[in-house]
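Features reported for this protein in Swiss-Prot:
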BINDING   64, 90, 156  [8Fe-7S] cluster binding site
BINDING   274  [7Fe-Mo-9S-C-homocitryl] cluster binding site
């Protein structure tokens, strides 16, 4: 595979101009605010507009507020049953593509992979769905006696017809189990980002600080915030922290429990992975309980080691000494990996297309000598772009809320490889572009191996059945 030269601002701006030229004048003016070439100096002309309504007709792939609450924040809590209050389709779509791993027995004390819904029908729209929800809550308690809580996630019809889920949840206090009601109807806000905020508010109002002093505390207790254990990444983070000598008392919310969430205020430090979805609760705990928090990044050795050092600064000399020993062990490992794979990947071009601004993963590619030439985000806010601006080089393309049908297809022609999330990946898979996500020190070895493997032109050697002569059987 031939590697194309490094990007420059003029090249990126020319590509953006070509994309915008395909739009009507008014739409082009609107989209021009969302497509920019990166300027490390942060000039006003290169500021990316974000977190505003998508243009009608632009085929956005944003999620909704319901997906942000149910699919991201509440769904991964393993000992809570999440019930989607509304039609069956929303719950299935929001959960079918996520791999939130969790310990436990499915359907006994782990409910993360279960799709439970009130299955709204037309008559429920006409007559109201409160009785159906109350019946559903009764059935959950009967079927899953080891469940520690229930979260009710509202879909669009609930808000449109004005069902009072708060009243139903209060009536269900007789069930002797906490019932969290979350007003996360999909039409609220401009993307799933508002769903994150609504879910954080529900945790703040109904869960945070309710856990008692049920365990012996130490000076080294930390909480993992905004790590949803997709593919087991929270477990990789936990291993690193434990090798530093720290004790993880709570995971929010991948492989986490409601009791952990209720007791997180006892943590000495909150470590936030996904800033966009959980910064709200971290600032709340800082204001209410005085708990400090910091972002961390365990993607790629450079960022891992930098984050380990930053975290260690919050603790005493014992933790700092253990941290230095852990880093020394990791360094030998990653040096061998980099030596083996960097020569094969040097200069390859990558585009990252995910939900929030992809500032976490840029370092992994750069550690292998690859160059990130574009970053696309669906629900980033203005402050999210300070990450890519700081990490990305001059001329890197920044694409906010890109159109699935046209914009992503055009900018995807530029790189050698695409890194993407579960919603974005399908279009790139159909285009024959390889994609993989990895996390942690152990994951870096697999990441490097597979990045090299994906550069083999295997797909170019295959012929699609419909391109052959004759009919497909």
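Each residue, glycine too, has its Cβ placed from N, Cα and C.
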- Query: Reported as an integer number of Å, what is the Cα distance between residue 90 ([8Fe-7S] cluster binding site) and residue 274 ([7Fe-Mo-9S-C-homocitryl] cluster binding site)?
  - Reply: 24
- Output, ordered by sequence, the same-chain residues six or more apart from residue 274 ([7Fe-Mo-9S-C-homocitryl] cluster binding site) with a CB under 8 Å from its CB, or 'none'. 226, 227, 228, 356
- Mind checking which of 64, 90, 156 has the fewest other CB atoms within 10 A of its CB? They're the binding-site residues. 156
- Item | Residues close to [8Fe-7S] cluster site centre defined by 64, 90, 156, Cβ within 8 Å | 65, 66, 67, 86, 155, 185, 186, 187
- Query: Where does residue 64 ([8Fe-7S] cluster binding site) sit by DSSP, helix, strand or coil?
  - Reply: coil
